[in-house]
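Features of the protein shown, as given by TrEMBL:
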- 6-120: domain 'Tetrahydrofolate dehydrogenase/cyclohydrolase catalytic' (DOMAIN)
- 139-275: domain 'Tetrahydrofolate dehydrogenase/cyclohydrolase NAD(P)-binding' (DOMAIN)
- 165, 166, 167: NADP(+) binding site (BINDING)
Ligand code: NAP
C-alpha cells in the first residue's frame with residue numbers, strides 16, 4: 001500500500017464546508033451560533049490560539065465573544081464570568097483557554113462550565129460521558145484524531161493503539177474513544193518502562209507528549225499509522241517526522257495535521273450545541 005500523508009487541512013476544510021449550510025439554517029431560525037472564549041492573562045501563545053479560534057468562528061458565520069481577563073484574576077472572579085456565560089442564552093459554547101495563571105484553580109473553573117456548553121470537553125462529566133460512549137462533545141483534539149481516522153477509513157477494530165500521554169484533555173479521552181471503537185489500547189506516560197518496545201507493537205500511534213520530535217523512527221512498526229497531536233514551539237510535533245515517515249504506513253504532518261482539524265471540531269461542536277437550543 002502507498003504511504004499516506006494524513007492531510008488535516010483537507011479534513012478540516014471538509015468539516016467546515018459541512019457547517020456552512022447548518023449555520024445558515026440556524027440564522028434563518030433566529031439563532032446565531034456563538035462561542036465564548038475566555039483568556040486569562042497575557043501568555044502570547046494562548047493569545048494566538050484564542051485569536052485563531054475566534055477568527056475561524058467568524059469565517060464561517062459563528063459569533064465569537066472574546067473575554068480577556070487580567071493575569072491577577074481570582075478563581076472566584078473567573079467562576080462568576082463562567083456563571084454569566086452559562087446563563088446567557090446567546091452563548092452556545094464556552095472555551096476556557098488552558099493554562100490559566102497559577103493562582104486560579106483551573107479544575108474548578110473547568111467544572112463550572114455547563115455541560116451543554118462544554119464544547120471543548122473539559123468537564124469531568126463530559127469526560128465521563130465520552131468514556132461511556134455517549135458524550136456529545138469529546139475534547140476537540142481527541143475528536144479531531146478520530147475524525148482523521150474516519151476520513152481515511154483507518155481500521156480500528158482489534159488493532160493495537162498506543163497512546164503516549166495521559167492528560168485529561170488529550171491522552172485519556174482519545175484512549176477512551178479508541179477503546180469504544182474496539183481498538184486494544186495501551187496508554188503510556190512518563191513512568192512507562194520500555195516505551196520504544198511498546199510503541200514498536202503499535203498498529204496506531206497517538207503522540208500527545210508535549211516534547212518536540214520525541215517519537216523516534218526505530219520505535220515504529222512497518223506500516224503503522226501515526227497521529228501526532230504535538231504542537232511545540234516552532235511548529236514542531238511530538239513525532240520526529242523525517243525519521244518516522246519511512247516506516248509509517250500513514251502519518252500526520254505538523255503543521256497541517258491534527259491542529260486544523262481540532263479547530264474545525266470546536267466549530268462543529270458549537271454548531272451542534274446551537275442546534276440543540278432550537
Ligand atoms: P500534557 O498535559 O503536558 O501531558 C503530556 C503527557 O505526556 C503526560 O501524560 C506525560 O506523562 C506524558 N509524558 C511526558 N514525558 C513523557 C515521556 N518521557 N515518556 C512518556 N510520556 C511522557 O500535554 P497535553 O496538553 O496532553 O498536550 C500534549 C501535546 O499535544 C503538546 O505538544 C500540546 O502542544 C499538543 N496539543 C495540541 C493540540 C492541537 O490542537 N493540536 C491541542 C492540545 C494539545 P505524566 O502524566 O506521567 O506526566
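Using N, Cα and C of the backbone, Cβ positions are placed for all residues, glycine too.
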* To do: Let me know the model's mean pLDDT on the domain 'Tetrahydrofolate dehydrogenase/cyclohydrolase NAD(P)-binding' (139-275).
  => 98
* What is the number of other Cβ atoms found within 10 Å of the Cβ of residue 167 (NADP(+) binding site)? -> 17
* Structure fact -> One finds that other Cβ atoms within 10 Å of the Cβ of residue 166 (NADP(+) binding site) number exactly 16
* Structure fact -> Ordered by sequence, the long-range same-chain Cβ contacts of residue 165 (NADP(+) binding site) under 8 Å (at least 6 apart) are 171, 188, 189, 206, 207, 208, 209, 210, 229
* **Cβ-centroid neighbours of NADP(+) site 165, 166, 167, 8 Å, sequence order** => 163, 164, 168, 170, 171, 172, 187, 189, 208, 209
* What is the number of residues in the domain 'Tetrahydrofolate dehydrogenase/cyclohydrolase NAD(P)-binding' (139-275) that are helix, strand and coil, as DSSP sees it? -> 53 helix, 24 strand, 60 coil
* What is the number of residues in the domain 'Tetrahydrofolate dehydrogenase/cyclohydrolase catalytic' (6-120) that are helix, strand and coil, as DSSP sees it? -> 60 helix, 18 strand, 37 coil
